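A.B. asks: I grabbed these lines from Swiss-Prot:
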- N77: N-linked glycosylation site (CARBOHYD)
- N162: N-linked glycosylation site (CARBOHYD)
- N542: N-linked glycosylation site (CARBOHYD)
- N604: N-linked glycosylation site (CARBOHYD)
- N627: N-linked glycosylation site (CARBOHYD)
- 157-217: region 'Interaction with gL' (REGION)
- 1-24: signal peptide (SIGNAL)
- 25-646: topological domain 'Virion surface' (TOPO_DOM)
- 668-686: topological domain 'Intravirion' (TOPO_DOM)
- 647-667: transmembrane segment (TRANSMEM)
Amino acid sequence: MPASSVRLPLRLLTLAGLLALAGAAALARGAPQGGPPSPQGGPAPTAAPARGPTLFVLVGDGSARFVFQLGGLGALNDTRIRGHLLGRYLVSYQVVPPPVSAWYFVQRPRERPRLSGPPSGAELVAFDAPGVRRTYTTAAVWPAEVAVLADAEARCPAAVFNVTLGEAFLGLRVALRSFLPLEVIISAERMRMIAPPALGADLEPPGPPAGRFHVYTLGFLSDGAMHQTMRDVAAYVHESDDYLAQLSAAHAAALAAVVQPGPYYFYRAAVRLGVAAFVFSEAARRDRRASAPALLRVESDARLLSRLLMRAAGCPAGFAGLFDGRAERVPVAPADQLRAAWTFGEDPAPRLDLARATVAEAYRRSVRGKPFDQQALFFAVALLLRAGGPGDARETLLRTTAMCTAERAAAAAELTRAALSPTAAWNEPFSLLDVLSPCAVSLRRDLGGDATLANLGAAARLALAPAGAPGAAAATDGGAEEEEEDPVARAAPEIPAEALLALPLRGGASFVFTRRRPDCGPAYTLGGVDIANPLVLALVSNDSAACDYTDRMPESQHLPATDNPSVCVYCDCVFVRYSSAGTILETVLIESKDMEEQLMAGANSTIPSFNPTLHGGDVKALMLFPNGTVVDLLSFTSTRLAPVSPAYVVASVVGAAITVGILYALFKMLCSFSSEGYSRLINARS
């Protein structure tokens, strides 16, 4: 017989005995059974003063919870009832050891600046509170009746993460197999703790002094770190009443949890996410309206961050939805269509053209050193890798790899360091996607620390799956959902694990840079490179029958410049710069005639990667052709000037004409003066 079927009768017997003991104790005192507490957790109604408060006991082993009414708190003095309360299948109510005064804060934290303004414009949506009220139960605090605005839960055998949003109420619970449980309650009303008689029947749960809200943190004092965590997270709601500032802090904490897995950042990121949703819902509830882009942002971030946090707990689960379908009914602005498609798992086919255009525009701006929307790029890459064809996926990875420069990797590393700082104040909007895009969704692995890159890459691959797709929602108690295949590995399966950088081609092969020769494929050893950091360029493919073990040297050539304005000879080629130290500086996919002309312009090029005057003498260039040819590029046979605009030509012609006119006028003046002067001299002599 299964163990679960044995536990059920035992549980029923335990409950029956518990209720019998409670009834016997009540009869012995001659007191009638008490009624439930008020919804605010205050004293019992004055209509029955003799009854006293009622004890609610939560029964269960984690998979289910039941609430039973017992007699008054006086029943706790009965040693038999106390034994049942502390039994295996019931929860202990004594979760906060004395002295309770050690849990309270001395001062409130400093409030941070606002990052977002009040909702305005035509994109407003109604945000009315529902009429449904529900009892919020917990193991340590008297039940409270809450008008629920949103409820989300991610669950698997390894962890449970629950967020309940109500009118001026937040209940957040994290129960993990690997970490100690933590619960945070934010309420406009004072709540009462279920406590032993020695601590008093009207004891407030631990938390900081009441500000705009009462904040309570419940957990186990395992060590000083857990104590400090509970004190820190209790201060979050009073730091800022701006949801965007709270979301930025949640993204920073989630980034830290991804880079350095463990309970320290996990707790902080989970509570930040809940507080951000609470601050947003409170503002929307007060205004009875919300900005559609803001609602979509909170919904998508909740699904993204919950998935990353649950994965850190060993669970392939995430919130299936936060605001119970509200966000799915809002109007979506053109700039948010890719985010909405990712968030709700919509059919990506109508959005593929927009995704391709987004990647192409981001690449064009990146090549010219201009900023681009990294978050929109991430959602576009996610759609193309999941729903685009093999050509879409490989070309997308080729572009994101080219966009991942050393400068962007350094900027992402700086954001990561700031996220790991507990004192960082996010005065500007920040998103984890600003770090993951484009480098973490590329095939470049030579920038940054190995552990950091591996963790960011794993987070990016997890985040690429649409939030509304099967397997991205919460798993059941019967077992976790199977993990989806890595979309990056699926798009380019031929790339070896030791590759520093890979450039996928359309035919199923890829150029890869490594420190040692791969097992298969023609390999080019790049000369003039530090022997401590050798660079090997190989052409690899999945076709083992055509495996070539030839070792070659790239041929140094002066490539011919093209004069045909309608034919792009070097389109689909990849331009690579590397240094003698064995560092790959940049890669550029030549995708248009304009880019080809900039490449051949040499020192006159306006694209920094192509301009040789911006690089030192130890920097060399390669040209990689789609057919697998590798050329050590010296120069082009003729230098072509970068194309100039018609306005510049017209201005030059007009300027030249004016200059000629001025010179002619000066010449006439000089000639006239000389002729007149000679005439006077002749007349004087005569």
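One-based numbering along the chain as shown.
The backbone N, Cα and C atoms fix where each Cβ goes, glycine too.
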A.B. asks: Would you mind listing, in sequence order, the residues at least six apart from N542 (N-linked glycosylation site) in the same chain with a Cβ closer than 8 Å to its Cβ?
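C.D. replies: N542 (N-linked glycosylation site) has long-range Cβ partners P493, E494, G508.
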A.B. asks: Run through the Cβ atoms and count how many others sit within 10 Å of the one on N604 (N-linked glycosylation site).
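C.D. replies: Other Cβ atoms found within 10 Å: 14.
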A.B. asks: Out of these glycosylation sites, N162, N627, which one has the fewest other C-beta atoms within 10 Å of its own C-beta?
C.D. replies: N627
A.B. asks: Reported in the order helix, strand, coil, what are the DSSP residue counts of the region 'Interaction with gL' (157-217)?
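C.D. replies: Secondary-structure breakdown of the region 'Interaction with gL' (157-217): 3 helix, 27 strand, 31 coil.
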A.B. asks: Specify the secondary structure state of N627 (N-linked glycosylation site) as given by DSSP, simplified to three classes.
C.D. replies: coil
A.B. asks: To the nearest whole angstrom, what is the C-alpha distance linking N162 (N-linked glycosylation site) and N604 (N-linked glycosylation site)?
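C.D. replies: For N162 (N-linked glycosylation site) versus N604 (N-linked glycosylation site), the Cα atoms are 59 Å apart.
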A.B. asks: For N542 (N-linked glycosylation site), which of the three DSSP-derived states applies: helix, strand, or coil?
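C.D. replies: Reduced to three states, the DSSP call for N542 (N-linked glycosylation site) is coil.
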A.B. asks: Which whole-number value in Å describes the distance between the Cα atoms of N604 (N-linked glycosylation site) and N627 (N-linked glycosylation site)?
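C.D. replies: If we compare the Cα positions of N604 (N-linked glycosylation site) and N627 (N-linked glycosylation site), the gap is 29 Å.
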